[in-house]
Amino acid sequence: MKPAYFISDLHLSEKHPELTALLLRFLRSSAAGQARAVYILGDLFDFWVGDDEVSELNTSVAREIRKLSDKGVAVFFVRGNRDFLIGQDFCRQAGMTLLPDYSVLDLFGCKTLICHGDTLCTDDRAYQRFRKIVHRKRLQKLFLMLPLKWRTRLATKIRRVSKMEKQVKPADIMDVNAAFTARQVRAFGAERLIHGHTHREHIHHENGFTRIVLGDWHNDYASILRVDGDGAVFVPLEKY
């Protein structure tokens with residue numbers, strides 16, 4: 001049976017064209033073209049200020065995802081903490097299906113819960129408070145009404161502050177809370193969880209389920225999770 005592929009945390013930006021080149025290479029590969037589905041679990045872009053922003057980066061990525069979708073490969077997207085403002089307009093342009101924060105898939109007979117992963121990091125209370133605020137629909141609507149230049153400037157400032165705060169936060173609070181994560185998996189009746197966000201690529205076997213953490217992409221290393229009837233395995237992008 002055709003495999004499914006999972007990626008997250010590419011953090012594409014015009015400052016790092018090499019990462020965009022890696023993604024385009026994968027999307028154009030024969031492996032991607034023969035997949036049953038490709039799942040992008042958030043933070044595809046380093047930041048997103050609205051679907052109305054037109055750039056060479058956004059356009060080229062949407063174009064290549066659309067080409068893959070037009071081949072009959074289903075492409076799904078879950079918003080991340082950096083690109084949570086991606087909306088239906090961009091997803092339609094790219095031929096992607098926008099999924100909610102949590103979704104349960106039947107992958108080759110294994111009930112699998114997928115999400116970006118930031119909602120699982122409940123020990124980082126400051127971030128969870130911030131997330132609750134910026135996910136308010138009314139606030140998002142007001143933000144998207146601002147001129148594009150203002151939105152970009154504000155997003156840049158928020159990113160700068162976030163980066164500074166991250167440098168002084170204890171590493172453990174930026175990982176998932178094990179007890180909360182286990183409860184979520186049980187609540188959805190899943191046997192396996194796939195998420196990104198923490199950048200700690202690993203396959204864990206814990207609390208009666210499998211937890212797979214997707215890694216982030218760098219110019220010297222990027223991996224893709226391949227899931228098929230034999231299980232799940234990380235494959236270096238260089239093999240595609």
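Each Cβ is built from the backbone N, Cα and C atoms, and glycine gets one as well.
It should be emphasised that the depicted structure is a prediction, and the values quoted were computed from it without experimental measurement.
Under the heading Mn(2+) 1 binding site, Swiss-Prot lists ASP9, HIS11, ASP43, HIS199, citing sequence analysis as support. HIS11 (Mn(2+) 1 binding site) counts 20 other C-beta atoms within 10 Å of its own C-beta, drawing on all protein chains shown.
The Mn(2+) 2 binding site annotation in Swiss-Prot covers ASP43, ASN81, HIS116, HIS197. Reduced to three states, the DSSP call for HIS197 (Mn(2+) 2 binding site) is coil. There are 26 other Cβ atoms within 10 Å of the Cβ belonging to HIS197 (Mn(2+) 2 binding site).
Here Swiss-Prot flags ASN81, ARG82, ASP124, SER162, LYS166, LYS169, HIS197 as substrate binding site, drawing on sequence analysis. In sequence order, ASP124 are the residues near LYS169 (substrate binding site), counting only same-chain partners six or more apart with C-beta under 8 A.
In sequence order, HIS11, GLY42, ASP43, PHE45, ASP46, PHE47, TRP48 constitute the residues six or more apart from ARG82 (substrate binding site) in its chain with CB-CB distances below 8 Å. SER162 (substrate binding site) falls within a helical segment according to DSSP. In the structure shown, the C-beta of ASP43 has more C-beta neighbours within 10 angstroms than that of any other entry among the binding-site residues ASP9, ASP43, ASP124. When the binding-site residues ASN81, SER162 are scored by other C-beta atoms within 10 Å, ASN81 scores highest. Residues near HIS199 (Mn(2+) 1 binding site) in space but far in sequence (CB under 8 A, at least 6 apart, same chain), listed by position: ASP9, GLY215, ASP216. Counting other CB atoms no more than 10 Å from each candidate's CB, the binding-site residues HIS116, LYS166 peak at HIS116.
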